[in-house]
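Okay, so here's the structure we're looking at.
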């Protein structure tokens, strides 16, 4: 049976007090709506229909690369009205999941369970038991079966004591949506078209409404203001850290870790405090990440140790490598096994061979460095001429003295030595010594200028 996902994302988000549409507010490094779209794709939905309104152009531009049908809700007249807008493009057969752009963390497994129970009756929903149901629609049951959903403003005093609430997440056959949605009425306290009224229509048709509860309550929590956004962020990060610990990761403090993407981990990985992982990363066995590090789209092989406050973006790091503290690896950095990258060393678009070292205050950009070479403190590859980037090639077992400038394009042959303080503009032959510096001048008995006493 084909699955359509309908995402309601037209709200203004006034309480956010932001020029950014609410569904574009970031959570764990991804827009709220992006989380919902990701889940829809995990479900292999044939159709994803997103209803937009406030800031629609911005929203559509943000997700321009996604295969989405966009439907405008020019006037926000309720959730039922929003779903009515999809009828011209909604398939006649199959089922639809109705989700929300500001309820970002409902999980694939939960929705798969909802689909399964809904297939038996043609309609199902997610409900939740809460201690304080104020403001939420109540689930009214008779003999255990759902009879209606009553919005808080329309509820009687007795109904307001009910602690089972409507999350707004439904799975409904498309045939029934085409039948029920045109019948919705706005004769209620809010003057809106409630999607919840389809429950009463299902009961009137003699259908039993299936329901499930989420394993984790935060899955169905919505975001209306920045306080709720921050609270949901922390709940989500707590859950992600828990799942990583179950996979064998040791955290110095799981409350001080942020995962803003995905990470694959080996055995016995250790992560210190205030580490941020973004994009898609992979950490091998026995990898250690020091305090305050940021990793983005990076792979680090087994046994590597990263010291504090190092930043990685698009890097590939080999086994048993030592990095940091305060190192920066930029896109295209590829380090072989047993490499040493020390404090205040920046590596960009550079391959570094087995066992090579750059331990202090160095910039290596657009370079290829062989095995067992040593790059002295203060060395830079001068790769940019103001218009184009040029390559520096350094062979195996090369020794580059401190404070050297290698002006690309230039090649340093295997076994060569470059004297400290040199500006190398020509190729250096294998097993040779090259140095370039002005003659030292010394003046005896030199008197420095003195400040005049006031």
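Glycine residues also receive a Cβ, built from the backbone N, Cα and C atoms like all the rest.
Annotated features, as they stand in Swiss-Prot:
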- 360: active site, proton acceptor (ACT_SITE)
- 8-11, 22, 73, 78-79, 100-102, 137, 151, 166, 224, 330, 348, 363, 374: UDP-N-acetyl-alpha-D-glucosamine binding site (BINDING)
- 102, 224: Mg(2+) binding site (BINDING)
- 377, 383, 384, 402, 420, 437: acetyl-CoA binding site (BINDING)
- 1-226: region 'Pyrophosphorylase' (REGION)
- 227-247: region 'Linker' (REGION)
- 248-454: region 'N-acetyltransferase' (REGION)
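All features noted in Swiss-Prot, drawn onto the structure.
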residue: 8; record: UDP-N-acetyl-alpha-D-glucosamine binding site; CB count, 10 Å: 27
residue: 11; record: UDP-N-acetyl-alpha-D-glucosamine binding site; CB count, 10 Å: 23
residue: 78; record: UDP-N-acetyl-alpha-D-glucosamine binding site; CB count, 10 Å: 21
residue: 102; record: Mg(2+) binding site; CB count, 10 Å: 23
residue: 151; record: UDP-N-acetyl-alpha-D-glucosamine binding site; CB count, 10 Å: 19
residue: 330; record: UDP-N-acetyl-alpha-D-glucosamine binding site; CB count, 10 Å: 17
residue: 360; record: active site, proton acceptor; CB count, 10 Å: 15
residue: 377; record: acetyl-CoA binding site; CB count, 10 Å: 19
residue: 383; record: acetyl-CoA binding site; CB count, 10 Å: 23
residue: 420; record: acetyl-CoA binding site; CB count, 10 Å: 15
Under an 8 Å Cβ to Cβ limit, what residues of the same chain, 6 or more beyond the ends of the region 'Linker' (227-247), are close to it?
16, 25, 27-28, 104-105, 216, 218, 221, 254-255, 257-259, 263, 265
Per DSSP, to which secondary structure element type does residue 384 (acetyl-CoA binding site) belong, with helix, strand and coil as the options?
strand
On the three-state reduction of DSSP, what should I expect for residue 374 (UDP-N-acetyl-alpha-D-glucosamine binding site)?
strand
What count of other C-beta atoms do you get within 10 angstroms of the C-beta of residue 101 (UDP-N-acetyl-alpha-D-glucosamine binding site), across all chains shown?
28
Out of 224, 374, which of these binding-site residues shows the lowest number of other CB atoms within 10 Å of its CB?
224
Listed in sequence order, residues with CB under 8 A of residue 384 (acetyl-CoA binding site) and six or more positions away:
365, 390
Since the record lists 402, 437 as binding-site residues, which of them has the fewest other Cβ atoms within 10 Å of its Cβ?
437
Restricting to the region 'N-acetyltransferase' (248-454), what is the model's mean pLDDT?
97
How long is the line from the C-alpha of residue 224 (Mg(2+) binding site) to the C-alpha of residue 11 (UDP-N-acetyl-alpha-D-glucosamine binding site), rounded to the nearest angstrom?
10
Could you state the whole-number distance in Å separating the C-alpha atoms of residue 102 (Mg(2+) binding site) and residue 360 (active site, proton acceptor)?
47
DSSP-derived helix, strand and coil totals, residue by residue, for the region 'Linker' (227-247):
20 helix, 0 strand, 1 coil
